[in-house]
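According to TrEMBL, the protein carries these features:
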type	residues	note
TRANSMEM	B:6-24	transmembrane segment
TRANSMEM	B:45-64	transmembrane segment
TRANSMEM	B:70-91	transmembrane segment
TRANSMEM	B:98-123	transmembrane segment
TRANSMEM	B:167-185	transmembrane segment
TRANSMEM	B:216-235	transmembrane segment
TRANSMEM	B:247-267	transmembrane segment
TRANSMEM	B:274-293	transmembrane segment
TRANSMEM	B:299-317	transmembrane segment
Amino acid sequence: MKQRVTKVLGLLLAGVMTLGMLTACGGKNGDTEGGKDTSSASKETVKIGVLVADVSGEEAQGFRSYYEKYIASNYNVEFTYTDALESAEDEKSAIEKFASQGCKAIISLSGSDRAQQIETCEQYGVYYAVASGVLEDEQFETYKGYEYFVGQVGPSNATEFEAGKAMGEFFKNQGTKTVAIYGAFIPNPMHVYRLAGTIVGLGDTYGGTDDMNGIIGQIFQDQTLDLSKVEGDTEVVAYLQGYGDTTTDELNAAIQKSPEAFLSVGMATTFFTQSLNEAGIAFSDIDSFTQANGDAIENGKLTYLAGKYSSSIGPVFALVMNAVNGNVIRDDEGNAVSISQGYLVATDKATFDEYYVSDNGDSPIYDKATLDSIIGDNVTYADVKALVESK
Amino acid sequence: MSTAGTAKKIVGTFIIPVIVFLILEGLCLSKGEHIITNAKSFDNFIVYVAIVMITTIALSINLNSGRFDFSLGSMAALSAIIGAKISYAIFGGGKGSALCMLLVTIVAGLLLGLISGSIYVLLKIPPIITSLGVTLIYEGVMYTITDGKYLMTEVQNSSMAGFVGTWIYAAIIIVLVLVLTIVLFDHTRFGFDYNALKSGQKVSVNTGIKEVKNALICYTICGGLMGLVGFFNAARNTTINGGQLNFGSIAIMFTAFLPMFIGSYISRYSNEKVGFLLAAICMSMLNSTFAVFSNEITASMQSIINAVLLVVFLIYLNNEHLLRKIFTK
């Protein structure tokens, strides 16, 4: 009896092993499943960690959808996202976790402490890139020579300032005399630069100056916008920043002051659209081209939107993929890549649709064919720069 | 009752709200404004009164019986998330969404309260510890349902905006809650038992009052009330934060501490629940004054002022007899 059982078990095991071998031999190099690039079947899936501070915003969700749905289905990559990171410590431990999970690269959309992010990635030998933003100029100078710092593709600080300035000028030119301002997440550098630009665009000075660096320095020091320092053509009747338990009260207070317009340097369309529509106050934002923002422009009071499109983070992915595949692209001086992206502006539904429809779902602006032109062993800095600047 | 007795009651009941109004209105006038600046600020004023009054009543129900319940905030947030998800699934943010969410949120709140109470009754460990555990569980469930995101699509629609866009609905709910709680706690068998247990637990139990049943009903009512608060907060904020881990939801109940002590003081002269309403009005006047001074007083300074007022009022309550001695000499 015992011998028979052993024989049967042996036969079963042999059968299973034979089937296993047949299955393993069944695949062919170069097979394509649903458009997914598996040309190098022997290559394992590239794991990329993504650091995010915002998990709820329209822009953040658009970025995520592009990576997880479009890129992941067209390339042999797997994206792992963090929860909403609230501090530099959170960012550091997320990078350590990604490294232990075998991530080859990290793309950062979180800006609590990018210097520490670069240092940590360098320590763990993981490639690192900044998407949809850039480091402070001084920081970039410090870290541009780091081995694992691949680079940054996003609006430069000067571009952020100009985006804010253009928004302020739009309302000033319309004859707006009183505004409320939402500073989003000051002291996030991106928001500081936009805010400084907005003040200048409105025809105002801050602490007696309208110089970009002069205003930036003061806002970083104040960690907020001190309304007593604002003087000039347009009166800023209320200011609020951040998002938390007291935000609704602060927004209500701002609405009670009856501003002619509500200018936001980021995420107002995520949090305040309904309240501002209800209050009948024209508002603006520097955000992204999403369906909800389209509705707000068409049916609500959103009158000015400077935005990025969801696939604008495509070139950063290309840089990272090249690095993982052995082609770490460097600029002409041999440093990490830094390329600036501009904003698109819509003040009506027709213009909005023009941008939104061209970057949607299965046909993003940075589609597979476009990205393939900058992913490869022979791709250079000039190729990437030329493509980004052409979009 | 004598005329003097009635007058004393009326004065005792309204003296704090009147003094608060005079001080705050004076401050606002110094800036050329009023506590209530326009129709919109009146809407905000009444909605805030509703939120504070209902939270205060919910907090006081268990606290009066020696049961400190940290889970109130998580009940409000979780029930609102459940209500928002279900109402959005049915109405897709269209007409009737707000009413559906209101009803579902209250039912969810009642259930969550009952679960919280059952855990306390079954485990037989101090309620403060039980409630901390329940808070973590409810926050974890919230996080799982929402992936830690803010819930926005489900609560951003004209139906919800309409609910807090006028003072009328909030006022109706204030009246309903007041009438219901006064009837329940002052004119029913349950209320008599509750008051007896509050005054002397051991004696009451020995006389045959069922403490467990009474505690379960208390927790369930608290849950329902916090469901209402969750609904109001969702409509007012146009978001629900699903990522409130590690006791992040506790802040919701902290707005109720100062009004609870003020309400308890007023209850010496009138019904306790009416005291909570008047205390909530005081808090709302303070909140509206902060709105007038929003460019001068930051949100963090407002929190400090609220905390200082709480401490000052507690110092007064604890030294009232000494003050009376000093002023009657």
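Glycine is no exception: its Cβ is also placed from the backbone N, Cα and C atoms.
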*Hey, which bits of the same chain come close to the transmembrane segment (B:247-267), Cβ under 8 Å, at least six residues off its ends?*
12-13, 16, 51-53, 55-56, 58-60, 63, 70, 72-74, 76-77, 132, 135-136, 138-139, 142, 229, 233, 241, 274-280, 282-283, 306, 309-310, 313-314, 317
*asked:* Counting only residues 6 or more past its boundaries, what in the same chain has a CB within less than 8 Å of a CB in the transmembrane segment (B:299-317)?
replied: 257-258, 261-262, 265, 286, 290, 323
*Please work out whether the transmembrane segment (B:98-123) lies in contact with the transmembrane segment (B:216-235), by counting C-beta pairs under 8 angstroms that are 6 or more apart in sequence and asking whether there are at least 3.*
yes
*Among B:45-64, B:167-185, B:216-235, B:274-293, which stretch has the highest count of C-beta pairs below 8 Å with the transmembrane segment (B:70-91)?*
B:216-235
*For the transmembrane segment (B:216-235), find every same-chain residue at least 6 residues outside the stretch whose CB is under 8 Å from a CB in it, and list them.*
47, 50-51, 54-55, 57-58, 61-62, 65, 67, 69, 72-73, 75-80, 83-84, 98, 101-102, 105-114, 116-118, 120-121, 151, 155, 160-161, 163-164, 170, 173, 177, 181, 184, 190, 194, 252
